[in-house]
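All remarks here apply to the structure that follows.
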Amino acid sequence: MAEQRETKGKNAWYKAVIIITVLGITAIVALVTTAVLQNKPLLQKYKYGIVLDAGSSHTAVYIYEWPAEKDNDTGRVQQTHSCKVQGAGISSYSVFPGQAGASLKSCMKEAESLIPLSRHLETPLYLGATAGMRLLRMENQSLSDQVLWSVEEVLQSSPFSYQGARIITGQEEGAFGWVTVNYLSDRLKQGSGTTGALDLGGASTQISFVANQDVAEESAENAVTFRLYGNDYFLYTHSFLCYGKDQALKLALAQQTQSGDSSVLDPCFHPGYSVDRSYFSVYSSPCVMAGKPLVSRDSFTHVGAGNASLCQEVVRRIFNFSSCSFSRCSFNRVYQPPLQGPFGAFSAFYFVMNFLNLTSGSLESSREKLERYCSRPWTQISGSDAGWTLGYMLNLTNMIPAEAPDTPPLPHAGYVTLLFFISLLLFFLLFLCFRFLWPHRNSQTQMI
Ligand SMILES: O=P(O)(O)OP(=O)(O)OP(=O)(O)OC[C@H]1O[C@@H](n2cnc3c(O)ncnc32)[C@H](O)[C@@H]1O
Ligand SMILES: [Ca+2]
């Protein structure tokens, strides 16, 4: 009878252990599966932003995208497409301002086909015009307004969320170029050293780098402050209007045509180059202060001489190093603190260096001045064009938080592993409990 009871008790106990084991294993599997599924990456959705860079030489449309659930935080913004608008920059339409807007239509159609329809209404669209339009506004404010209205009309009729077309300041152009190069090289999140930015456009050139806070005391217009990812940055920035590649050439040419000779032998052009130019094409620019020489003819022959060292002399003469009312200046009486850190040089700095095959390897063969400005060769990062547009959009859409985002104490994989081992440990402890309680229970059964 006692034996029968003992066998019955044992059977019940075995059943209990088996049921507990099955339930335990099921619980662990359910826990881990839930943990994995809960955080399983969902199908990635993207948001978009469009910026039109209306430069002096041409307009480009840039499309950016970023993961939809991560904006304002950790999601990386990437350039997905760029479209070069046919023809010259919008400032060149001053004779027929109405045509400036029409020139943008084909690139805008391209943007419509590339951005998913469901995102059109929420996609911000900006246009920023730079030095070409700054010069046109200086020459004739009414014409520059008409050009802006013309592009505004076309952009407003697009399905995107139009946020405005404006002439950005040289300070914005320089500062957002700096944000772009440092964002693309991930230096802002890391909080490590930053890189300066050099942008050689067609009608202006910008220099921006982190400097000491006393920049604001000496020249407030050259100081910009950013708080990004929890770090404060004090920038020196300056935009030299008229010192872009095309306008600088006009300055050099005006200087060489002052004598009024019928032909000009220019060391900056290749031997064999010979083109008839009108004085108007050189002297009509508001950058050229010198008056047209007093001669009856309207044009001169521009002849190339191809002499690099003489060309350097000619170019040097368009810079004024003679006086400075600050503690130190770069040129043309513009304040500039001592240069700091490496520099990323883009736009025409890149086009020219790329053309000369000097974007990689040693720069020792290039001239000393190029070495100073381009201490680091610039290569494009992440497939994005460097320029002010990305920084401009990041700023206007608040995509870079002022403070570093909080991160979970454990990464997802660590969390799942930890959960698995804790569950296993609990189950093992439970099992041991039953295992060691078994003889005690056995003896209780025998005593009855
Ligand atoms: O910033 P601003 O001064 O308004 O002018 P931009 O934006 O139109 O100026 P870019 O940087 O596009 O171009 C600067 C110069 O480089 C020339 N350029 C532009 N794209 C080029 C390319 O792909 N290869 C060679 N030269 C280029 C262009 O004609 C200008 O003279
Ligand atoms: Ca530009």
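Here the Cβ of each residue, glycine as well, is placed from N, Cα and C on the backbone.
Note that the structure is a prediction, hence the values are computed from the model and not measured.
Per TrEMBL, the features are:
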type	residues	note
ACT_SITE	E173	active site, proton acceptor
BINDING	G202, A203, S204, T205, Q206	ATP binding site
TRANSMEM	12-37	transmembrane segment
TRANSMEM	415-438	transmembrane segment
Could you give the Cα-Cα distance between T205 (ATP binding site) and the residue listed as 'active site, proton acceptor', in whole Å?
9
Do you know which of the recorded positions E173, G202, A203, S204, T205, Q206 end up with C-beta under 6 Å from ligand 1?
G202, A203, S204
Just the number: how many Å between the Cα atoms of G202 (ATP binding site) and E173 (active site, proton acceptor)?
13
Check the DSSP secondary structure of G202 (ATP binding site), expressed as helix, strand or coil.
coil
Proximal but sequence-remote residues of the same chain as E173 (active site, proton acceptor) (Cβ under 8 Å, at least 6 apart)
G128, T130, D199, S204, Q206, S239, W388
Counting every protein chain present, what is the number of Cβ atoms, excluding its own, within 10 Å of the Cβ of A203 (ATP binding site)?
28
Three states by DSSP: which one describes E173 (active site, proton acceptor)?
helix
Starting from the ATP site formed by G202, A203, S204, T205, Q206, give every other residue of that chain whose CB sits within 8 Å of the mean position of their CB atoms, in sequence order.
S56, T130, A131, D199, L200, G201, S239, F240, L241, Y243, G244, K245, Q247, S347
